[in-house]
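Novice: Just dropping this structure here.
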Amino acid sequence: MNQNKMLELINHLKNAGFVFQGSEIYGGVANTWDYGPLGVLLKDNILNYWKKFFVFSQNNIYMLDSKILLNSKVWEASGHVGNFNDPLIENKINNKRYRADKVIEELFPNENVAKMTHEQMQEFLQKNVTSYDNSKCAWSEIKKFNLMFETFQGVVDDKKKAIYLRPETAQGIFINFKNIQRAMRAKLPFGVAQVGKSFRNEVTPGNFIFRTREFEQMELEFFFDEETPNSYFDELVNKSYDFMLKLGLSKNNLKVRKHDQEELAHYSKATVDLEYNFPFGWGELMGIAHRGNFDLSTHSKFSNEKLEYLDPNTNKKLIPSVIEPSVGLDRLMLAILCEAYSEEKVSESDTRLVLKLDKKLSPYKVAILPLIKKFNPKANEIYSYLIDKNISVTFDESASIGKRYRRQDAIGTYYCLTVDEQSLEDNTVTLRDRDSMQQERINFKDILKFL
């Protein structure tokens with residue numbers, strides 16, 4: 001998919017009810033997007049499969065729902081207050097601000113920006129970038145720009161009352177480690193999974209829903225004893241890659257990239273990114289980080305609470321290490337949509353737009369199409385039957401049957417059931433497959449075998 005197709009996809013997603021510009025009637029807010037009716041269904045299907053794949057498939061993974069607002073000391077302890085920042089630079093000619101590292105990466109993709117200090121970035125830009133973003137350049141000094149959104153609790157605007165919108169969901173898991181382990185009588189190794197909103201005041205958000213200031217994360221923190229021989233890190237990298245394939249992403253559009261030492265976050269011992277080939281280039285889709293015992297050790301120190309684990313077999317106390325597979329739900333959804341968006345030539349004079357979503361992800365698994373209104377009562381009977389079976393189904397009675405097929409193809413509906421005269425006689429319907437467009441006659445209750 002190229003950039004032009006990307007623009008076509010965005011326009012289609014808006015028209016079809018997947019994604020809308022946030023606050024659109026007031027001129028919008030940059031890089032905010034609302035999920036429409038079909039976007040909500042698709043997002044929920046991705047989320048539910050993530051839970052099935054990473055959580056419910058094992059008996060030692062537990063769910064948590066921690067809050068967006070945490071005690072500010074959490075972020076001081078985690079290092080986010082001191083370390084969670086971007087190198088911000090201003091072009092004094094056009095008065096625009098940019099992330100210095102991203103400007104260099106964009107213009108000089110072979111430069112290893114991760115190894116550069118802020119001073120080296122600034123010197124590099126002043127020497128090599130004399131024009132950018134349709135303007136001549138006079139670069140300011142680089143400043144550290146903290147990515148956390150700050151607000152105040154209570155009625156007094158007092159720095160002592162400062163509180164932050166969380167920039168990641170992980171810390172809510174770490175500070176609840178003791179509660180979860182005790183309540184669930186969990187033995188190492190075990191994991192805690194969480195889904196929730198996070199907020200980062202990004203300097204240069206963009207590329208549709210790939211990078212936004214408000215986003216949703218799906219994270220798993222897998223706790224284990226570092227001294228016990230294991231291959232958990234490699235296993236979770238492989239499991240994460242398999243997860244992407246099962247969502248319908250192509251191997252040709254995926255790559256595994258290990259972070260260099262200079263790239264590692266302050267908490268990380270090792271990190272691997274799964275990257276996807278988006279229309280705008282390769283971008284991180286999922287990160288698997290070996291965080292060691294940094295988080296639990298740091299929170300133990302700052303809170304004076306011992307976040308330890310007592311091994312029931314050896315009576316040994318230890319602070320567990322953790323491996324974290326983390327994925328942004330919004331950018332994963334974008335990758336899936338880029339992969340699925342297709343225009344097919346059906347004949348010399350006819351093309352169709354189709355979202356070839358994996359069956360488990362389709363917003364609607366089935367569309368009920370009465371051939372004419374006379375058949376609506378029977379169609380409603382079939383609709384109610386499938387709803388009772390917890391099947392995601394839609395009802396479409398307007399326009400010709402051909403136009404309705406195309407409409408359902410364009411939103412990813414996997415099967416269409418056409419109700420006609422014969423349906424009234426023997427309960428059969430015409431089943432049409434989205435991808436092959438093949439049709440066959442079945443009893444309407446047999447659709448369950450296809451799902």
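Cβ atoms here come from the backbone N, Cα and C positions, even for glycine.
What Swiss-Prot lists as substrate binding site is R99, E168, F215, E216, Q217, M218, E219, E324, P325, S326, V327, G328. Per Swiss-Prot, the feature ATP binding site maps to 200-202, 210-215, 284-285, 328-331.
Map these features onto the structure and tell me what's around them.
Specialist: The Cβ of P325 (substrate binding site) has F54, E219, L220, F222, L236, K239, S240, M286, G287, I288 as same-chain neighbours under 8 Å, each 6 or more residues away in sequence.
Reduced to three states, the DSSP call for R331 (ATP binding site) is helix.
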Novice: Tell me the Cβ neighbour count for R99 (substrate binding site), meaning other Cβ atoms within 10 Å of its Cβ, over all protein chains shown.
Specialist: 19
Novice: If I take the alpha carbons of R213 (ATP binding site) and R99 (substrate binding site), what is the distance between them in whole Å?
Specialist: 15
Novice: Name the residues of the same chain, 6+ apart in sequence, whose Cβ is under 8 Å from the Cβ of R200 (ATP binding site)?
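Specialist: Same-chain residues close to R200 (ATP binding site) (Cβ under 8 Å, separated by 6 or more) are L147, M148, F149, P167, R213, F215.
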Novice: Taking the binding-site residues one at a time (R213, R331), which has its Cβ surrounded by the most other Cβ atoms within 10 Å?
Specialist: R331
Novice: When you rank R211, L285, R331 by Cα distance to R99 (substrate binding site), which of the binding-site residues ends up on top as the closest?
Specialist: R211
Novice: Can you tell which of L285, V327, L329 has the least company, meaning the fewest other C-beta atoms within 10 angstroms of its C-beta, among these binding-site residues?
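Specialist: Ranked by other Cβ atoms within 10 Å, the binding-site residues L285, V327, L329 bottom out at L329.
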Novice: Give me the CA-CA distance between R211 (ATP binding site) and V327 (substrate binding site), in Å, as a whole number.
Specialist: 12
Novice: Relative to the Cβ position of E202 (ATP binding site), how many further Cβ atoms are located within 10 Å?
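Specialist: There are 16 of them.
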